[in-house]
Every structure is written in structure tokens, then in C-alpha cells.
């Protein structure tokens, strides 16, 4: 489960940001998870709830925003948001497409409680 190592890195980032902003706690953590990121949201949530104990994010709520796959066709130029996980252009049927979004995971925002 690579979600554990992802959460450990996420918590390090959260701790650093909280320290830089003199926050006594973090109340909300918002992450964006692309459907092709390889991250399983339920496993990420479980890992977050396990590892946040004893950190500045101990009482934080984790909000996960799932980002759909978005592609651009290199033949016809059409940009498409895909419901299914395939790279076929719905405009011309080409497989000559490029991923625009939906393959990353990143920290989107934090809600901090400061002194």
C-alpha cells in the first residue's frame, strides 16, 4: 500500500506549512486525486486517519476531490473530459492523445488554526 508513504510525505508537508505559518493545528486538508494517479481514496483516508494521530493535523478533516481524466487529441485538437478510462478521442476516434489532467495527486489547500 503506497498510500502509507504518500500520507507520511503529505503529513511532513502539512507540518512544515503549519510551522511556517505559526499554526497550532490544521482543521482541514484538501487534496486533489486524479483517477489515473494510482491512489486509492479509501486507502488514503484510512492511512491519513491512522498517521495523523499526534501531529498538528490530528483533528483535521480530509477532503478528497477526485479529478477526472482530461485528454487532448493531437490529430483534431479536441479536449475532452473522459468518464471511462481510455485514451480514445471522442471527436475523431484517434488514439493520438495526450493527458492534460487526471494523473496527479496534490495538496490543494489547508485550513489552519493560528494563535
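Backbone N, Cα and C define each Cβ position, glycine as well.
Record features, source Swiss-Prot:
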type	residues	note
BINDING	2	Ni(2+) binding site
BINDING	73, 76, 89, 92	Zn(2+) binding site
Write out, in the order they occur in the sequence, the residues of the chain not among 73, 76, 89, 92 that have a C-beta within 8 Å of the mean position of the C-beta atoms of the recorded Zn(2+) site. 74, 75, 77, 78, 90, 91, 93, 94, 96, 97
Can you grab the distance from residue 73 (Zn(2+) binding site) over to residue 2 (Ni(2+) binding site)? Cα atoms, rounded to a whole Å. 32
Residue with minimal Cβ packing [other Cβ atoms within 10 Å] among the binding-site residues 89, 92: 92
Nearest-integer angstrom distance between the alpha carbons (Cα) of residue 76 (Zn(2+) binding site) and the residue listed as 'Ni(2+) binding site': 37
Pop the Cα-Cα gap between the residue listed as 'Ni(2+) binding site' and residue 89 (Zn(2+) binding site) into the table, whole Å please. 31
Quick note, the residue listed as 'Ni(2+) binding site' and residue 92 (Zn(2+) binding site): C-alpha atoms separated, nearest Å, by 37
Other Cβ atoms within 10 Å is the metric here; tell me which of the binding-site residues 73, 76 scores highest. 73
